[in-house]
Every structure is written in structure tokens, then in C-alpha cells.
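J.: Can you keep this structure in mind? I'll have questions shortly.
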């Protein structure tokens, strides 16, 4: 690889670096050389991660070489002075050793927000000349553990405790093999191992990947880990992370302030305390009944005594009493107290700095005890309430008494009323069905009273960064594509910063089209503020804008909304008006789901749909998963539409207190933002992050459309990334919609003619699903292998398998209700990620796991489509290939094209004959039933059918009459009677008898 001298250090880069990459690497090396901190912004697509890794590891390698040469020189000098006497030699050796310890080569800790981002960084490292340097990634037990008993546990905390239990009892064979297998060539090989590689090697060697990875840390030049391992003191201690003389790199640091604040904040509920009291009471009953189970060997002393339990229960009862006594003046919004209130509250129950460590140790032992006991009884919880209490004590008493004045300025206690249903659910979710307590027990009353939530919130992110500096790190480098403006970030983190950088983008101006769209095609102002967001004219105009843009933008179109409620509101309105169908005629629409399982399959479907000539449209939310670090390079994202500014909820207690904290602590010296400036910046940073989904590399191109008139405000523009500001000019103004359409069309025409079109790309899997030997039916699926429509039981990702099992359960012969999700599925949405929707919520599109909604049609004037199965490509194809190739073909509502050998008419191609109908039964699945209805009636009839169902679900008895008339009209033909009969199961109970009478009368005629 080419060698470049940057800041005096030879750096091997995979290619000749661009100027922005040189500038970036120079800043990194200067930080490492001088032992200073840096805040570096470089837009997504400029090779930031590659530059960061190459620069830091080049400096490390140079230091290693220099130290090796220095030590060799000292050894030669000592040999020459060997005749000078033993005393002199010992003195020289001591001096050399002392200097060497102080001069040791630093190690790199590379931290990012998610494991997928860490995996991406490790893939970048494999491309470099530094791929042979020692590296390791730290992951959770949830990702690395291969013990079947641990993996069966639900929730990360239960897995952690089960693992600790087995290790303590020496019953985990995988962990016991670590010592004998840790030097195996497969494990110590030169290749870089990410999470999946560690799991595969662990399975092959029958060795625990979680504990084995820790064996590599001491010898590693660079260690990859998520933020919480670094910033959470408890996680740092558990993973034995040494920070002294290390280089800490925080990549994707645009949310670092919030992460620091959250790592120092904690919450406890009245129901948590009540459950902890119940758990202790039950353990005491076991002890007094003589059934106690000792987790240790027969000769080991008990980990705790009955006296320990009695004392802890008394303390918890006092804590419960103290929480009950807290006054909440404003029951709607809660009441705020100074930070000292949490210490007073805990002090009433005798929780203090002096006994905190002892109590936390006892709580850990109780969790271990319950983990053992719960293996023998399903009546027991697993100590979740003890873990909540331990977290509270660890965080509250982590701040030393000598910094209490700073704690009082930076923390607040906010007390809310715990929703009665919520507290009961919390108590009942893990509570044994027969109950543990007698009627007179004091603990039971806490849930039925006005239960409370005690929040201990940190508003000073400098606390987290101060911990790193106090651990004597060499350098801290914060970097991201969206850090601007840098000054307020540096001020909030309160760390000395010697190097800062705001890089321009790597692409030419002609590759990016940026415009503010202040009005829609109908000249209605586009402004998504609180007053206007419910305006039907605004919502319609926004939909018309997206429709017009979708006609021009090739391939992938991303649309970001300020919030989920706003996305829901627009979807509902556009579906009612027909705009949704019009947009989906141009591009199939995908919605960002909230669940993890559905998210992966949805993204894979979207990437697959991009290969179609129409492309696809993805509607997502700022600050959601799609806006954070996903790859929409090239065809996957040719344009991004920002529909509004995602301001945080103005009256949210945490937002109110954050603004108040800034106003109170702001001075000319510390340069903190005002509360309003912070509020505006929080929204703009989310916009910057969403914009960064497009333009992912040097040869990429795309459009950025800011569809909110407020983007014209200079105060808002100044907070956008520097490279975006360059495209908007000194005085940004919105342009009329007509000229924008012409310019946008010309932009893409010119780009397609002048830019090299990308080759077909294989998108990396979004969430790496680790293949476990214990689960042979779960196969890892990359996007290059994904099959959009599959038969149940044919393999695929564990998310897909879970979805199929849910779908199979849904097909049980029970009375079910209709939801709009079913209506959408009938019109072509994916079956992946489907679950039984809320029976009472007719408008729960986004709460249901609908992964994609595609009302695609060949005719822009038609709203819906017919769905047919594609024929097998070959009669001799194998069974597996037939399954893999199975798709639903989306076609228009016009005449169907037929094979030459078929009759010319098409009516019989989708309407069964009377003879056929005698043999047919209506599909059990709602979605399949709707698809069949859709395939046998025309577009207008199906639209009326859907509206009648919606009206019936939400309306009164009169709506049944309307529905009945329509059913007899559209499904009354003899060959469709099986569908008419099938409708009975979806009716309300009070209408079924009348349905039977009407149907009998209809058949008689």
C-alpha cells in the first residue's frame, strides 16, 4: 500500500488519500503525539473511519518501533558497561525500567454506539496494512455466549446472572476450556475476529467466546467496544478495562452528551421496591422452613444469613415508606426536587456511602441465589428488583462526597406518579400466580397506593468525560459526520480540546442538489410546527410534494418525519385521500417499524426492492434506527426528504429541566448554550444525521430536500453541517416548487450521464445474526441471499422464523377481528414480521409489525393491485430452488397477459367455477383471505369492500346493514359463496344470527 508521510509519521493508506483525509489524519496524529484531545467532524462518505484507523495505528506502530530500537540501544550500552561493576548495572537497569514503564506504547480503545458500527470498523481495518496488528472486540453475553442454558434465558440481565451462576459453580464446560484453548492457533491467528468470528471459533473449539475475548485484551493494540463499556463505571469494572495511558476514540459521537448523561442517571419505581420486599420475604420463608438451597458446595459458608435478610428487609420497608411520603404537587407532570433529595430519601432507610458497597454485594448474592432457586420452581422471580436497587445505589453513591457541590448543580430528582396499570403490570409480570405474601404484609400495599417513580437525572455530560480524564488517558478523540457546531459541544463536555476540525465533503458540488422547499405544488406553506401539523391542507400538500419528487428521483427515496405520531398522521390521511396509493404506484413504500425483529427483515426487503426499475420509498423517523448509521449508498438512497424539524417535546420534564440547567449554569467563561439554543440544536443534529444517509462515498450523488419553511431561518441554517451550508449559500431562501421540479429532473439526468453508475452492491447484513450450533434451524441470511416471500419452515433468519411461527399461530381456527394491517397485507404488503394485531385498535398500522406496504400498480390512475403467484421457472427445478424463487408478482388491474396456449378470456383465470367452489374453503388467515377476495373482485369493488369493513369496525348497527348489502353484491355469485360464508367469522357476535338469516334468504332466491 502507498506510504504517506503525515505529521512526520509514515502512514500506509489503501489508496492516495484525498485532501480532506490528509487533514483528518494529521489532526489525529497531532492529538496522539502531543497527548491532547480532539473534536473532529468529517462528513459521512469522506473515509473518516478508514482515516482514523490508519492514522492512529500508524502512530502506534511507529512508537513500537522507536521503543524497540531504544531498548536495543540500552542493552548494547549495558553490555559495554558490564565491566563497570554490578552496582552500577543494577542502578542503570532500574533507571531504564522506570523510564520504560512511563514511556510505554499506548493502546487504542475504539468505541462506537452499536456493535454493527464496530463490525463495520473492523471490516475497514481488514482492508488496511494494519490488519496484522493485534485487535479484539468486546461483546455482551447475549452476543457471545454459546451455552444453551444461558441462551434460553429471556433478557440480557437474566443471561448475565445465569452465566455468573454457572461460572461460580464451575458447571460451564465452555468457560472451563478457555485456559487450555486460549493459545490455539485458530484463536490466536493473525486474522481480525469480529463478534461472528469469535462465536464460530468458540463453537469449533468448544470454548467460551465471551471469556476468551477477554484473554486477548492485554495483548491487543486496539480494542473495539460499545460506548457503555467505556462510559459506565460498573461495566468498566466488570470488563476490567484499563484506561491509563490509552487513546480513547469515540466514533459516531454526535449523541455523546446524551449518552454521558444517561450513564449517570437512574430510575426506581415504587413497584421495584415492593417486589424486592416480596423477594426477600420469600427467601426468608425458605430459610425458616429448612428448604434453603446453598449455591456453594456443602462445606462452603452461606453467602448471607437470615439476619442479613432481616436487616435488608427493614431498610427496604423504610425506603418504601419514605417514597410513599414524597409529595407530588403536580400529578400530571410530576414534581422536581434538588439532587440532595435522593440522599435524604435513601438516608431515611439507612443507605449511605459507608454501607453502599456491602449492600450491593449482598444484592448480587441474592440475585445468584434466586437464579438457582428459580431453576427448581417457576413460582420464583430471578431478582430483577434487586438489580434495579443495586443500579440505584451504584450510580447515586458513585459521586464522591467531595464533589457534592457539583452534583447539586448537575443533577435533579424528578418524582412522577406511576401509572396504576403500569405498576400492577410490573408487579404481576414476574409474580407467582398463587402469591407469596399473606394478607397483612406491608409490601403489597405499595402497588395499590399512589405509586411513584423516582428519577435521578444528570444534566451535565461533563461527568462522564471527567471520569475518563481522571483515569489518566493519553488522548480522547471525538469524531462523527455531524458534530457541528463544535463550540457548544466542547463547552458541555468540559474537556480541554487542542485540535478541532470541520471537514468539507469529498464530493464535487455538482454531485449534490440541496434545496429548501417552503411551499408545495398547491402553494400551501410547508411548515411542520405545532400549530400547523394538524392542518389537512398542509398534510395534503406534503404528500403531493413527496408524490412529485417520487416521479423524478430514481431508485431509493428516503423520507424522514419529525416523530412517529406525525408519520402515523400522514399515513392515515394519505391512505384516506388516495395519495398513498398514488405514491406507491411510483415506488413501493416501506415504513420504519419499531421492533428489532421486524426492522431487519424490512431493511432487507427495501434493499431487494431497489433492484426493481421503480426503486422504493422508505418512510422513517429522525432519531430512529434508519437515521443512525445505515448504508443508503448509490441506488439505495438517491434523495432524502426532511419533512420537518424534530424538536424534542417542549413540556417533557427532562427537556424542561435540561433547559433550566443550561440557563442557570451558563456564563461567559464556560460558553454553554442557552436553553433555547440547545433546544434548536438538538433538532438540527438529528436532521444532520438523517441527511448523512445519502452521499456515502466519492462517486456517489443525490438530492437533499428540506421541506420546512423554517430552514430559511439563519439561526437554523448555522447549525447545519458546514458542507450543507455551502450548498445553501449565505442567504438561503426557499424556491418555488415548479423550478425545483425542473432543476431536480435536470440534476438526475446530468448525474446519470456524467457519473459512473455503480455495480450491483451486496449490502452487509444490518444486524449480524450469530449462527448457533444448538439452533441448526436458524440460518444466517445476508441481504444477497434474502428471499422476500417464503414458505414456512424453509429456513432463513431467526427473525423470519419467529414471524412465520407467529403467522402459523394466527391461522388457528378462532374468531378474529379485522385491522387495517390486514387490509394493507391484502393489497400486497410483506408477510414478514406479521403478528396478531390489537383486536380493538383498527388504526394500528405502525404498532403492528407491518414491514412493508406496497400498493404497486402499473397504472398510475389505479389505487390497488391484483396479486398472483409467479409460475415456476422450470418443471424440473429442485424443491429448494422452487422455494427460494417463490415471489408475489405485482401487476396492474388491466387485462392479464396470458400464455398463447391459454384461452383469450381472463375472467375464469381468477374466478373459480361453481364446481370448483364446492371443493374450496375460505382461507383461515386474515391476510390470505383478503388476498383471495382481492384476486376475484375488481379494484372499485375492493375499495368499497375495504371502506365498508372500516366503517363496520368503528361504527354502529347501521354499518352492518351497509356491509351486508355490499357483501351480497360483490360476493353473492355462486362461485364466490365460499368467501361470503367465510366472512361470518369476522362479524361481531350480535350480528352473526342476522347474517345467517340473510344469507339463507339470499340463497333461497
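Backbone N, Cα and C define each Cβ position, glycine as well.
In case it's useful when we look at the structure, here is the feature table from Swiss-Prot:
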- 7-322: domain 'Helicase ATP-binding' (DOMAIN)
- 42, 43, 44, 45, 46, 47, 48, 49: ATP binding site (BINDING)
- 145, 163, 172, 208: [4Fe-4S] cluster binding site (BINDING)
- 251-254: motif 'DEAH box' (MOTIF)
- 876: phosphothreonine (MOD_RES)
- 893-917: region 'Disordered' (REGION)
J.: How many Å lie between the Cα of residue 45 (ATP binding site) and the Cα of residue 145 ([4Fe-4S] cluster binding site)?
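T.: Rounded to a whole number, the Cα-Cα distance is 34 Å.
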J.: Would you count the other C-beta atoms found within 10 angstroms of the C-beta of residue 172 ([4Fe-4S] cluster binding site) for me?
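T.: Result for residue 172 ([4Fe-4S] cluster binding site): 22 neighbouring Cβ atoms inside 10 Å.
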J.: So, in DSSP terms, is residue 208 ([4Fe-4S] cluster binding site) helix, strand, or coil?
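T.: It is coil.
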J.: Can you give me the Cα-Cα distance between residue 208 ([4Fe-4S] cluster binding site) and residue 44 (ATP binding site) in Å, rounded to a whole number?
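T.: Counting only the Cα atoms, the answer is 36 Å.
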J.: Sequence gap of 6 or more, C-beta under 8 Å: which same-chain residues meet both conditions with respect to residue 46 (ATP binding site)?
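T.: Listed in sequence order, they are 18, 20, 21, 24, 481, 503, 505, 506.
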J.: Other residues with Cβ within 8 Å of the Cβ centroid of 42, 43, 44, 45, 46, 47, 48, 49 at the ATP site?
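T.: Output for this site, in sequence order: 51, 481, 503, 506.
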J.: Please state whether DSSP places residue 49 (ATP binding site) in a helix, a strand or coil.
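T.: The residue in question, residue 49 (ATP binding site), is helix (DSSP, three-state).
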J.: Whose Cβ lies within 8 Å of the mean position of the Cβ atoms of 145, 163, 172, 208, the [4Fe-4S] cluster site, other than those residues?
T.: 141, 146, 147, 150, 166, 167, 174, 175, 210, 211
J.: Using a Cβ-Cβ cut-off under 8 angstroms and a sequence gap of six or more, which residues of the chain neighbour residue 163 ([4Fe-4S] cluster binding site)?
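T.: Spatial neighbours, sequence-distant, of residue 163 ([4Fe-4S] cluster binding site): 141, 145, 147, 150, 172, 210.
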J.: In the motif 'DEAH box' (251-254), how many residues does DSSP put in helix, strand and coil?
T.: 2 helix, 0 strand, 2 coil
J.: Where does the mean pLDDT land for the domain 'Helicase ATP-binding' (7-322)?
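T.: When the pLDDT values over the domain 'Helicase ATP-binding' (7-322) are averaged, the result is 86.
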J.: Where's the emptiest Cβ shell within 10 Å among the binding-site residues 42, 44, 49?
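T.: 49, out of the binding-site residues 42, 44, 49, has the fewest neighbouring Cβ atoms within 10 Å.
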J.: Among all protein chains shown, how many Cβ atoms are found within 10 Å of the Cβ of residue 208 ([4Fe-4S] cluster binding site), not counting that one?
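T.: The answer is 27.
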J.: If you count CB neighbours within 10 Å, which one among the binding-site residues 43, 45, 47 has the smallest count?
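T.: Counting other Cβ atoms within 10 Å of each of the binding-site residues 43, 45, 47 gives the minimum at 45.
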J.: If you draw a 10 Å sphere around the Cβ of residue 48 (ATP binding site), how many other Cβ atoms fall inside it, taking every protein chain shown into account?
T.: 24
